[in-house]
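*Asks:* Input: one structure, supplied below.
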Amino acid sequence: MSEGTLYDKVWDRHAVTRLPTGQDQLFVGLHLIHEVTSPQAFGMLRERDLEVAYPDLTHATVDHIVPTSSKERPYADTAAEEMMAELEENVHESGIEFSHPDTGEQGIVHVIGPEQGLTQPGTTIVCGDSHTSTHGAFGALAFGIGTSQIRDVLATGTVAMEKQKVRKIEVTGELGDGVEAKDVILEIIRRLGTEGGVGYVYEYAGEAIENLDMEGRMSICNMSIEGGARAGYVNPDETTYAWLEGRERVPEGEAFEERKAYWESIRSDDNAEYDDVVTIDGGELEPVVTWGTTPAQGVGVTEPIPEPEDLPADKVETARRAQEHMRVEPGETMEGYPIDVAFLGSCTNARLPDLRRAARLVKGRTVDPDVRAMVVPGSQQVKQAAEAEGLDEIFTEAGFDWRGAGCSMCLGMNEDQLEGDEACASSSNRNFVGRQGSKDGRTVLMNPRMVVAAAINGEVTDVRAMKEVTVNE
Amino acid sequence: MSNELEIPSVDSVSGTGVAVRGNDIDTDQIIPARFMKVVTFDGLGEFAFFDQRFDDDDNEKDHPLNEPQNRDASVMVVNANFGCGSSREHAPQALMRWGIDAFIGESFAEIFAGNCLALGMPTLEADTEVVEELQAWVEANPDGEIDVDVAEETVTYGGKTVGVRVDDAQRKALVDGVWDTTALMKANAEAVDETAESLPYVEDGKRV
């Protein structure tokens with residue numbers, strides 16, 4: 001078993017006791033809730049006559065169902081309105097702080113946590129959403145949980161969990177031009193498989209990870225779950241501290257220095273023991289795009305799509321079905337794959353630096369007339385900051401639809417959905433069949449600049465071949 | 001007090017089986033997102049595997065859950081990495097409400113297995129050959145009884161008994177009837193407070 005890793009240290013600090021099942025009862029430092037997975041838990045609480053144990057360590061937002069066209073209430077979709085009203089009532093009754101759309105702080109749960117300084121190193125964070133792994137970018141232990149566990153956390157401030165193994169994934173070298181954090185994680189999942197992380201948490205390390213900004217680290221940790229790992233994290237460092245300093249809800253001055261000492265203390269030791277170590281040469285990577293219907297079915301943009309028969313035996317059938325669904329041919333590359341829709345958004349890649357980089361490429365160009373292209377900022381704050389820099393104008397002048405904050409077309413729970421067999425270049429995290437609202441829809445995952453490049457050319461494009469225009473940042 | 005409700009022991013599950021073949025079956029397939037626009041889990045059963053079961057005009061497609069002989073099945077036999085993707089408990093809730101009480105498969109995604117445990121549904125793992133043989137048997141014997149023994153980690157069907165694996169914590173939780181953890185953990189409230197106060201970022205149950 002691992003020893004001396006951040007995972008071990010933070011786990012030990014938060015373990016309350018060993019339960020009769022052999023699981024640990026783990027204290028939860030931050031419980032994030034949203035409208036899809038929490039109402040049933042509040043219902044169970046009422047049934048059992050229980051109250052929220054730590055309302056001050058709980059924070060709510062609304063993201064999955066919010067329309068991105070208008071904030072007008074009641075929402076046109078009555079089911080969405082009912083979910084919103086239910087959340088409003090639950091948080092009001094329990095005294096839980098709510099980043100309501102009217103506050104200007106609403107957004108995707110995994111964007112607003114860090115943004116508001118709620119997400120800090122050395123904490124335990126849970127949320128009824130598998131991409132809670134995002135918060136690991138700060139050196140927090142962050143887990144996605146189900147609704148019965150949400151009930152537990154609401155009622156007790158704790159969750160029952162079994163300790164897992166720790167795999168260190170070291171990404172060495174320097175990422176090439178056009179290669180982003182998203183490509184690193186797609187490559188990791190491609191190599192280790194969608195179930196490769198089952199039983200593990202991933203510690204991301206190495207020069208290429210250390211050189212990333214916080215948003216890049218969030219993109220990587222975000223998709224840990226797509227590799228089967230329940231959580232992923234990066235050890236906190238000066239990049240982390242600089243990002244946190246001055247944010248709302250982060251201690252100031254002397255208190256900040258004191259807190260920093262704690263953050264430093266939970267970093268993995270230099271001689272920490274890991275259950276497994278994997279090394280990837282970041283310098284060798286190119287932009288990665290998916291050709292199939294799981295995030296592991298990816299390929300470098302200039303590489304041939306594999307023959308199903310060349311894959312491990314248990315992957316052959318899935319690959320064959322995926323290629324049929326996506327209408328791709330083995331031996332060909334994804335470059336030139338025609339797309340109908342471009343979606344720049346989601347908790348993986350809808351933060352300010354993602355939008356900035358994409359805008360640099362978009363400036364002075366126009367979206368292919370046959371492509372429906374949209375930019376959905378991850379939060380109201382991201383949207384506002386982007387507008388202050390004029391990024392919205394760059395996007396709209398090019399023909400992109402500039403929308404309100406939310407999960408949007410990542411999972412098709414609001415009006416933003418694929419229609420029929422549309423193919424979508426998407427900066428989101430999942431390309432499962434039916435994921436974007438149409439069971440015949442086709443999703444190609446890629447980094448944000450690759451998404452806008454595809455929007456401009458109407459097909460999957462190697463972003464490295466496109467000239468950039470500088471935007472003032 | 002209703003929070004001291006009796007949690008039943010799940011030491012065995014018996015019933016007929018249904019085989020759902022394929023690796024990497026994700027929770028988006030088990031319950032498409034559009035059916036999650038609800039504030040209770042009631043009624044999710046009919047939407048289990050909806051897009052695999054119905055075409056655009058709501059006509060039935062070929063799917064094991066559409067076969068009348070499988071309608072009463074309570075043991076679902078699946079392949080590798082079942083339940084990957086989203087953490088939505090709506091997925092096991094939909095299958096439970098459809099009538100499933102236990103899963104046997106090559107492997108399960110972590111959160112899916114955790115969600116099943118929270119509902120008292122065992123997820124038992126077995127080698128590929130064992131699973132494939134059982135799937136073939138289930139398809140040939142839709143009325144055949146399967147006996148799952150969680151405590152002994154065995155599955156008995158058609159006169160033979162095979163070994164399966166249950167995670168230690170899961171087995172203990174199910175067999176001892178402590179899989180619903182709320183009351184169990186609530187009983188440690190004092191120790192929880194102590195742990196909270198020992199953390200540098202919590203004071204009086206508040207974030208500092």
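Here the Cβ of each residue, glycine as well, is placed from N, Cα and C on the backbone.
The structure displayed is predicted, hence computed values, not measured ones.
Annotation comment: TrEMBL describes A:Cys347, A:Cys407, A:Cys410 as [4Fe-4S] cluster binding site. As annotated by TrEMBL, region 'Disordered' applies to A:288-311.
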*Asks:* Name the secondary structure element type, per DSSP in three states, that contains A:Cys410 ([4Fe-4S] cluster binding site).
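*Replies:* Note: A:Cys410 ([4Fe-4S] cluster binding site) is helical by DSSP.
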*Asks:* Starting from the Cβ of A:Cys407 ([4Fe-4S] cluster binding site), draw a 10 Å sphere and report how many other Cβ atoms land inside it.
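*Replies:* If we count other Cβ atoms within 10 Å of A:Cys407 ([4Fe-4S] cluster binding site), we arrive at 32.
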*Asks:* Looking at Cβ-Cβ distances, which residues of the chain lie under 8 angstroms from A:Cys347 ([4Fe-4S] cluster binding site) while being 6 or more apart from it?
*Replies:* A:Ile108, A:Val109, A:His110, A:Val111, A:His131, A:Thr134, A:Asn222, A:Gly378, A:Cys407, A:Cys410, A:Asn429
